[in-house]
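**Q** One structure is given below, represented as structure tokens, and several questions about it will come after.
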Amino acid sequence: MLEDDFGRDVSGVRVSLTDRCNFDCVYCHNEGLGDTRGPIDPRENELSTDRVVRFLSVAHEFGVDAVKLTGGEPMLRSDLEAIIRRTPDDMAVSMTTNGTFLPGRAADLVDAGLERVNISQDAMDNDAFAELTQSGAYDAVLEGVEAALDAGLAPVKLNMVVFEPTAGYVPEMVDHVAARDGLRLQLIEYMPELAGHPEWAIDIDRVHDWLADRADRIETREMHDRRRYWVSSRDAGSTADDAAQSVTPDGGAHPDQGMVEIVDPVGNPQFCANCHRVRLTHDGYLKGCLNRNDDLRGIGETTQSMRAAFRETVANRVPYYGEYMTRTDDGGWEINDDYLDVEGDRDPYEYAADDSA
């Protein structure tokens, strides 16, 4: 497994299969790009099936054991099942989607090897959802969630971007996943660097504090140092005093309890310190960081060129948020105590098992 100069190994890749999307979400930096008919064959500027599979084989050579397929909307690709089926056998495959194409395809995707899915759902109300996504597909998304559950993809993660227009919907989304077995909620901090409109950003610590008061149990994932909150359904009548009884023997949750995870990268050096992914764009460029476009390296067509691009990308990865590590006199790296408290700003929870992407 390759490591960058900051000691971060690369164990996962995110592969964008297209920048096309049938939604036009107001917070997205790729708003409704391209031909949104689907599913269709890859466009001329999109990675072919063979190039995607060849790249995944190269990543696997370097110890990468997980891939997340993204877009745009990856299900606009008609070859999605073929890509998943040809992914190395011991590489975990997950996908982020808006869910509208899952009915009728979810079972085939699972049969091909898909293991997990994240579905974007930013509100529980049809009108609010339409305003956020510029689509009338709310019912189709709900059907997609059900199709994923029926196909055996539980737990299904619902992705919700948290910013001014959606902050008021967080409590009902939390109640929804707490009351519904098989669902989890991933709250994603709005990133104005990618989408503009800095006035839409909110203080994500307020959401952390609210969830901490509500949660029965709190833990932290090693990846990105993400905080997880296990929350009981209000209908279940459970309180924090019942936390010891709310945990199953394998460390999971009982059916009347849901998990909420916060992805909060903005200004968070601990997030960067625990990032173990590189990204491949839909048109064949590797990048070491989602927020940067000054480090793009084309993967070319051949296995040899892909190996060279992968090595170079990993070697040149630099944390986006803060110099949390500094050079020592002997050329090594050490924690920058002036920038980041060694213990961090969070309570020292034990890292949880990294069971989902």
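Cβ coordinates are placed from backbone N, Cα and C, and glycine is handled just like the others.
Not my notes, these are from Swiss-Prot:
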DOMAIN    5-234  domain 'Radical SAM core'
BINDING   ARG14, LYS68, THR96, LYS157, ARG277, VAL278, ARG279  GTP binding site
BINDING   CYS21, CYS25, CYS28  [4Fe-4S] cluster 1 binding site
BINDING   TYR27, GLY72, SER120  S-adenosyl-L-methionine binding site
REGION    232-256  region 'Disordered'
BINDING   CYS272, CYS275, CYS289  [4Fe-4S] cluster 2 binding site
**Q** Which of these binding-site residues has the least crowded Cβ, counting other Cβ atoms within 10 Å: CYS28, CYS272, CYS275, VAL278?
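**A** The binding-site residues CYS28, CYS272, CYS275, VAL278 were compared, and CYS28 has the fewest Cβ atoms within 10 Å.
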**Q** Highest Cβ count within 10 Å among the binding-site residues ARG14, LYS68, LYS157, ARG277, ARG279: which residue is it?
**A** LYS157
**Q** Provide the number of Cβ atoms within 10 Å of the Cβ of TYR27 (S-adenosyl-L-methionine binding site), excluding the reference atom itself.
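**A** So the Cβ neighbour count for TYR27 (S-adenosyl-L-methionine binding site) comes to 23.
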**Q** Measure from the CA atom of ARG14 (GTP binding site) to the CA atom of CYS275 ([4Fe-4S] cluster 2 binding site) and give the result in Å, rounded to a whole number.
**A** 12
**Q** In terms of DSSP three-state secondary structure, what is the assignment for CYS272 ([4Fe-4S] cluster 2 binding site)?
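**A** DSSP call for CYS272 ([4Fe-4S] cluster 2 binding site): helix.
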**Q** Give me the CA-CA distance between SER120 (S-adenosyl-L-methionine binding site) and THR96 (GTP binding site), in Å, as a whole number.
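**A** About 8 Å separates the two Cα atoms.
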**Q** Which site among CYS21, CYS25, CYS289 has the most other CB atoms no more than 10 Å from its CB, taking these as binding-site residues?
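**A** Neighbour-count leader: CYS21.
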**Q** In the predicted model, what is the mean pLDDT computed over the domain 'Radical SAM core' (5-234)?
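**A** The average pLDDT of the model in the domain 'Radical SAM core' (5-234) works out to 92.
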**Q** Same chain only, sequence gap of 6 or more: which residues have a CB within under 8 Å of the CB of THR96 (GTP binding site)?
**A** LYS68, LEU69, THR70, GLY71, PRO74, VAL117, ASN118, ILE119, SER120, ASN159
**Q** Whole-number answer please: how many Å between the C-alpha atoms of CYS28 ([4Fe-4S] cluster 1 binding site) and ARG14 (GTP binding site)?
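**A** CYS28 ([4Fe-4S] cluster 1 binding site) and ARG14 (GTP binding site) have their Cα atoms 17 Å apart.
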